[in-house]
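To keep things clear, I will list the structure first and then write my remarks on it.
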Amino acid sequence: MTIILGIDPGSRVTGYGLIKESDRKIAYIDSGCIRTSNDAELSHKLLQIYDGICELMDHYSPTEVAIEQIFMHNNPNSALKLGHARGVAMVAAASHRAKICEYSAREIKQSVVGYGAAEKDQVSHMVVELLQLNRAPQKDAADALAIAICHSHMRNGLSKLIGSRGTKRRRMRL
């Protein structure tokens, strides 16, 4: 069994989603949001994110963490803040010796919905379906669960390829 923590980083709200994977089946564990204080300095917000991720790592002991890659904002200041939030989340996970993988928004949507330009409500719907939830989680938590699901799909896709063929190269016949 593998426990995967998905992280949707943000300087105000960082979503998290935990799933367990066993025999190529996934199940929901927990999800939610780490909300930082609106009036806090950036350094204190980053500390809140770090502490929140460390708490999750201590409580659930995930061995693998998946996080969304940074994308360009129209506002460079927002992109920098997002980069800081992402960085402290990665440091918190790395300090607990977790394997960290990064995925683009397009890869996540493609993996979960089957369409790389899917809308957020489509992603949320598929998270509910795939994890058999009674209702949709909060927006940022749903995104984090989608990131964890993407990681599960990617790691299983690669292990299937490696497992079925090994590392032996085969000659293609024309």
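Think of each number as a place in line: the chain as shown, counted from 1.
Cβ coordinates are placed from backbone N, Cα and C, and glycine is handled just like the others.
As recorded in Swiss-Prot, the features of this protein are as follows:
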ACT_SITE  ASP8  active site
BINDING   ASP8, ASP140  Mg(2+) 1 binding site
ACT_SITE  GLU68  active site
BINDING   GLU68  Mg(2+) 2 binding site
ACT_SITE  ASP140  active site
Ranked by the number of other Cβ atoms within 10 Å of their own Cβ, which of the recorded positions ASP8, GLU68, ASP140 ranks first? ASP8
Between the Cα atoms of ASP8 (active site) and ASP140 (Mg(2+) 1 binding site), find the distance and write it as a whole number of Å. 6
Alpha-carbon distance [GLU68 (active site); ASP140 (Mg(2+) 1 binding site)] in Å: 12
Under a three-state reading of DSSP, tell me whether ASP140 (Mg(2+) 1 binding site) is helix, strand or coil. helix
